[in-house]
Amino acid sequence: MGDACFSTQLIDGDGVFNVSGLDHFMKEVKLGECGLSYAVVSIMGPQSSGKSTLLNHLFGTNFREMDAFKGRSQTTKGIWLAKAQNIEPCTLVMDLEGTDGRERGEDDTAFEKQSALFALAVSDIVLINMWCHDIGREQAANKPLLKTVFQVMMRLFSPRKTTLLFVIRDKSKTPLENLEPILREDIHKIWDTVPKPHAHKETPLSEFFNVEVVALSSYEEKEELFKEQVSNLRDRFQHSIAPGGLAGDRRGVVPASGFSFSSQQFWKVIKENKDLDLPAHKVMVATVRCEEIGNEKLASFTADEEWQQVEEAVQHGYVPGFGNKLSSLLDRCLSEYDMEAIYFDDGVRTSKRQQLESKLLQLVNPAYQSLLGHLRTRIVEEFKESFDKALTKEGFAVAARDCTHTFIEKFDKGSEDAAIQQVKWDPSKVKDKLKCDIEAHVASVRAAKLSELCAKYEAQLTKALAEPVEALLDSACEDTWPAIRKLLQRETKAAISGLESALSAFELDEATEKELLVKLENHGRSVVESKAKEEAGRVLIRMKDRFSTLFSRDADSMPRVWTGKEDIKAITKTARSASMKLLATLAAIRLDEDGDDIENTLNLALVDTSRPGTTDRSIQSFDPLASSSWEKVPEEKTLISPVQCKSLWRQFKAETEYTVTQAIAAQEANKRNNNWLPPPWALAAMAILGFNEFMTLLRNPLYLAVIFVIFLVGKAIWVQLDIASEFQNGFLPAILSLSTKFVPTIMNILKRLADEGQRPAASDRQREMELQPTNRSSYSSVTSAGSSSITATENGSE
């Protein structure tokens, strides 16, 4: 089955290039798929010389032919293009408008030259149709045509090697062997007479043209023979571009996909009446076409579904096998470019390929960077989790080193998997950022662990120091600060030893480790100083508590009873001295074994007020407490300044003075309550002056009985009125109270005596036996009743 015949008008009679028609024609004949495997054949000759007829019979085209019955006139206008049928490789046939036509006139040869130059520029084989009877004639019709061909050929800076196939029409009986030498001679004569550039003055015709000659019989007179000869000629066009073929040594072929653009540019330059630079034109066509192919492949890659899936997946996370997938897609895209651009200029093709590759890599690079970002993020998260687990099994430094090495290697493997074969992108920046992230996390965890560890030992040290220091400061004696120093040294040493052992797992540098140990040591000192400051803030309360304890309790910690035998002045001095020692202890921080005279100064200024030569402290010439700092004590270690000590002592004395006064008053009252007997001198006077009366009593027993009865009554009244307790409230209140209770008490006693006298004698003995225990209860009842009534009366009177 023969190929379909497609034809189109390439250039119309007015010289307008049919771009859309040519593009459509190329799609129909699939010219773009031919690469370099195609040939272009054109025909030139006088008008009405049978060019279209020859082409139709030779290539199976359908060009319009002249109708001989209508007369000889112009049939083909402009340039027509068709595809030869059943000829390999793909052969394009151009039918040019005839020369020497009356329609354009004798002087209008511009289009004739333009079409001839166009044919030489694009054609591999040019058929020159000429009459047999013109051979050897000086004024033959083919000579202007040949001159035109040779003249326009000179406008090609580097003409391509073109085959000129002279077709002798209506061959006579003269053998071809005789006609061919004459024709070649005419051709050489025309070549020699054509003006040539200086560079081609001596260039032979064979450098630019392969001249072939063929003769055909008359189509009208010998049609069958004509067809046979055309068929034989047709065979010569099979594989015409193969070595040994009609166009076997052609040069500067434009790839089939660039034929349309190349033809347009050729015609544009020819229309502008410019010389054609075929090498530059070839590069220009290659540049345009390769760029078009590159853009097509770039657009194809962008629209590729597989690439879009990869690109979308990369936006959400790490994509395993990214490098292989992208390498495959890029390789496929570049291979397609190579296949389509293989026939274009090597330099241009390579350059445009590099541009395409660069654009593809620019398109892919964001996805690659995003992938590395996801890889880095994932590895950082995995590192954090693994590092936390490793810390429970091994030391910090070992865990950090092992985990860092493991996950850096994991990143290297991931970056190798993401690597694209077409380019060697350096992931070192992302790797460095990963290292920074890992180091930052390790540093943060290290800082947290160290902080936690230091806080633990600081808490232990605080617990070990706080309460003992507070107790030692509360006891406040000469050995308080030495004991505190000893305690601080012992506990700090134990804490530092534990912390140092724990820090060995971190493998810290010597300076950092020393800094942490010094910090812990300073913390211990700060705990002691803080407690000392707290106690110093409560020193007045502590002093009053100590004074109260020592003043109000004896050596056995029992409450004192001021019986009158106690030396209140000595007790007060002892209690105040102890309070002063407490003040001296809390006046300054003594964690260093530096001596000071604070206690002596306070003792001299506050407690020991007896100085030689003076009896009033207000007139002393020098006050050791009139200063804001202690001698030999730095300001930062001072808790209570001398001036503050003086103020505190003054306030302390004022607030404890009442306690001392109360004790003195209680002692005096106790003395008064316990002293009922008259003075000794009075007792002696009574004994001397009352000796006679005493002897009288001894001589008369009745007096003794009366005195004894009086004693009993007086004793009953004493008990009932509770005279001793009444006089404890003072003399005048006792007199007033006894005066109100005396008469009711006497009446109560008489009534009970009358009741006892009226009872039967039989019950007297039993009553007598019960009288002893009940007497006291009776007396108590009577006394209580009397006291109650007296108290009530007293309250009422008050």
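Just so it is clear, glycine is given a Cβ too, placed from its N, Cα and C backbone atoms.
Copied from TrEMBL, the annotated features are:
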BINDING   Gly45, Pro46, Gln47, Ser48, Ser49, Gly50, Lys51, Ser52  GTP binding site
COMPBIAS  757-770  compositional bias 'Basic and acidic residues'
COMPBIAS  777-789  compositional bias 'Low complexity'
DOMAIN    35-250  domain 'GB1/RHD3-type G'
REGION    757-798  region 'Disordered'
TOPO_DOM  1-677  topological domain 'Cytoplasmic'
TOPO_DOM  723-798  topological domain 'Cytoplasmic'
TRANSMEM  702-719  transmembrane segment
Number of other Cβ atoms within 10 Å of the Cβ of Ser48 (GTP binding site) across all protein chains: 18
Mean per-residue pLDDT computed across the topological domain 'Cytoplasmic' (723-798): 57
Count of other CB atoms lying within 10 Å of the CB belonging to Lys51 (GTP binding site): 28
Sparsest-packed among the binding-site residues, when each Cβ's other Cβ atoms within 10 Å are tallied, from Gly45, Pro46, Gly50: Pro46
